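Single-structure report; data block below.
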Amino acid sequence: MNYLKTMAKLGRGNELIFRVAVSVPVYRLFDYLAPDNFEPAAIKAGIRLEVPFGKGKKIAFLVEVADYSELDSSKLKRVSRILDEKSLLRAKDLRLLHWASRYYHHPLGEVIGAAFPVALRQGKLAVVQTEKYYNLTESGKTVDANQLQRAPKQKSLLEKLQQEQLPLSETELSAWNKNWRPLVKPLLDKQLIQLAQPESKVMFAASLVRDDTLQLNPQQMSAVAAIKEGLGRFGVFLLEGITGSGKTEVYLQVIRAVLERGQQVLILLPEITLTPQLEERFGQRFAIAQCLSHSKLTDRERQAAWLKMQQGDCFIMLGTRSALFTPLKNPGLIILDEEHDVSFKQQEGFRFSARDVAVVRGKILNIPVLLGSATPSLESLHNVDKKHYCLLHLPERAGNAIEPVLQLLDIRNKPMQEGLSEQLIEEIKITLAKKEQVLLFLNRRGFAPTLICHGCGWVARCRRCDANLVIHYAEKMLRCHHCGHEQRLIAHCPACKTGELTALGLGTERVEKVLTELFADKTIIRLDRDSIQRKGSLEGYLQQINQGKVDIILGTQMLAKGHHFPNVTLVAILDVDSGLFSIDFRAAEKLAQMIVQVSGRAGRCEKPGKVIMQTRRPEHPLLTTLLRQDYRSFAKTALAERKEAGLPPFSHQILLRAQAVDAQMPQLFLQAIVELVRPCNKGHIQVLGPVAAPMARRAGLYRYQLLFQSAKRRELHKLFDDAVPEIEKLKQAKKVRWSLDVDPVDLY
Ligand code: ADP
Ligand code: ZN
Ligand code: ZN
């Protein structure tokens, strides 16, 4: 976008208006007078500005330059400062952000803000520290290193470059030898090495890949071929393959092809705990540097990675959800691994689905998007049915790995020890006797979810939420898992003063306790959010497991994701039943995905694995379908049920949430919205509510919600296009905190 024309049109005396978006939760844009001195040619949409805002200053993003403001120009303030010489975002990225702001009905300033790393959003200058690269000259390539016999350190640097056959960056050289710097000058003088362009790395296609000896199986081959054929234009591929079927191998081979075209790849993962593993595998395969983007990095690290991709200095980025908006100089491919994972949906603020936005980004950039999963979301399978996505299937485990056997263990009327049936304990013993590992899965942390009085029935509740306090026995604490409230574990009932307090239900801590009693001579580790507080501690545990130092691993859902445990041959899900009876219509899908994902941890190598699910409902259709057939059969049935019920993906939803300290206000506010939209609804949109949220009170706030559902996406969005400015104006809007969730994945 060029504003020179607008500027030229301006008559003398007229002031130029900078229309900007500010990263605050209001929908409107803000008008400012042009700054005092500026270079007109440099004024492009997307540049960052500093503007006076309220009592202070804020960073703003230029949306457009206009010659007219609806506000009296004497009331307008002036832009204080221009921060960017040119926009850090490209026109296509801005288009994506404008689209996202419209689609998610979210303020543009916050959406644009989300595209920047924190440091840049706060106004840090975008100084790119470009690294120098060195490679060999023609004579450096052929010279015999022994000629440098008398300068052994120079000789070793020459040998290093001859060995790598690739330009090496300053970082890479430092990793090789901290004292490399003094060696460069003499080698440059001797014209054995030279400064290289980082891009030229890609030219060394032959040496791009370190270790690429795997022979793909026929399904992998046809998947790789299909995606390679689709490079250079938009298309969505859904790679469905059970755990261990070689999806990652497909990614690696496709990425290679993209790099050989001189293009960049963005790989998104649901969890940061998965990055070290993949990072290592990528590092083994590719000789070029990759950069990371996730929340455990410092602001500086994230900014550096973002700018490297933006400048085209780096070709591979591995990141979580928020990395999606990283600008790419030469975009080639976007990959989303574990596409079904709900962590791809941001649950607060700008509530976007990284999967859905990735698809739109692929379309705008005209590049393919590759979605991978062992258990694709029903949305994506539906898109395959509608021929929007192209399905690629890897039905077998790659190499020699054998698929695990799934079995149900009926625990009705069976004696249990803290959630473990005798038969399961027997199975654990047999597995351990073979020197193999056991993985036990329970999706509830803490000791027990309820503390109840045996005398009077009093229950420990959170004062601020509609929830029980969870017992954390080792620390002698009671904690609310929803608001973080905590208090000391009490010994006597505060209600009747006499009754005995009992722990009701099972958490990982309680199972860990019984395991240490039953298997006193074995090494047991518990992996859940409580045991993994420190940065890097999960990696340490994973390493111990893979070195065979651990016999029994007990954990929550964080274990269900992507980790390789080659020596685990027995996996048990202690309590599947708790997932079978939920009011959330997505519960069945999530449970089926969890079961399949967890079972994927068993027997990844040549040893066969076994997966045991303890249940009191062995005839439940969800369980029997997964058992006798597979995830795909489950998905087919589930999709048919959704269609019958008119639920997503056969309809579209927008959820309006409101909360306040006052118990009535959220409901009044939502009721006012119902009245507000009634005249605009031509009958195609169902309006459900307002109703109290499933957790009606949380962190001291009363919560209500209003669900809009329609088979006609366009009409649903049209309604909100019109309604949002009116909702903002409602007098109750000032008295509640409200939010809009488009395509909600969680109705809580
Ligand atoms: P997924 O990502 O689907 O879980 P991976 O790509 O991680 O699967 O593959 C699982 C294991 O099988 C890895 O150890 C990988 O090196 C190996 N593997 C993948 N493809 C092949 C193949 N064609 N031949 C032999 N081993 C393979
Ligand atoms: Zn009591
Ligand atoms: Zn609470």
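These residue numbers are counts, starting from 1, taken along the chain as shown.
Each residue, glycine too, has its Cβ placed from N, Cα and C.
These features come from TrEMBL:
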type: DOMAIN; residues: 228-394; note: domain 'Helicase ATP-binding'
type: BINDING; residues: C453, C456, C493, C496; note: Zn(2+) 1 binding site
type: BINDING; residues: C462, C465, C480, C483; note: Zn(2+) 2 binding site
type: DOMAIN; residues: 473-655; note: domain 'Helicase C-terminal'
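Positions of the features from TrEMBL, shown on the structure.
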| residue | record | contacts (Cβ under 8 Å, 6+ apart) |
| --- | --- | --- |
| C453 | Zn(2+) 1 binding site | V459, C493, A495, C496, G499, E500, L501, T502 |
| C456 | Zn(2+) 1 binding site | C493, A495, C496, G499 |
| C462 | Zn(2+) 2 binding site | N468, L469, C480, H482, C483, H485 |
| C465 | Zn(2+) 2 binding site | C480, H482, C483, H485, M695, R697, R698, A699, G700 |
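Each residue in H454, G455, G457, W458, P494, A495, K497, T498, G499, L501 lies on the same chain as C453, C456, C493, C496 and has a C-beta within 8 Å of the C-beta centroid of that Zn(2+) 1 site, without being one of the site residues. Contact annotation for binding-site residues (C456, C465, C493, C496) versus ligand 2: C456, C493, C496, each with CB under 6 Å from a ligand atom. Close contacts with ligand 3, defined as a Cβ under 6 Å from any of its atoms, occur at C465, C480 among the binding-site residues C453, C456, C465, C480. Fewest other C-beta atoms within 10 angstroms, among the binding-site residues C483, C493, are seen around C483. Each of the binding-site residues C480, C496 was scored by other CB atoms within 10 A of its CB, and the lowest score goes to C496.
Secondary structure from DSSP puts C462 (Zn(2+) 2 binding site) in coil. According to DSSP, C480 (Zn(2+) 2 binding site) is assigned to coil rather than to any helix or strand. Listed in chain order, the extra residues whose Cβ falls within 8 Å of the Cβ center of the Zn(2+) 2 site residues C462, C465, C480, C483 are R463, R464, A467, L469, H481, H482, G484, H485, R698, A699. Mean predicted confidence for the domain 'Helicase ATP-binding' (228-394): the pLDDT average there is 93.
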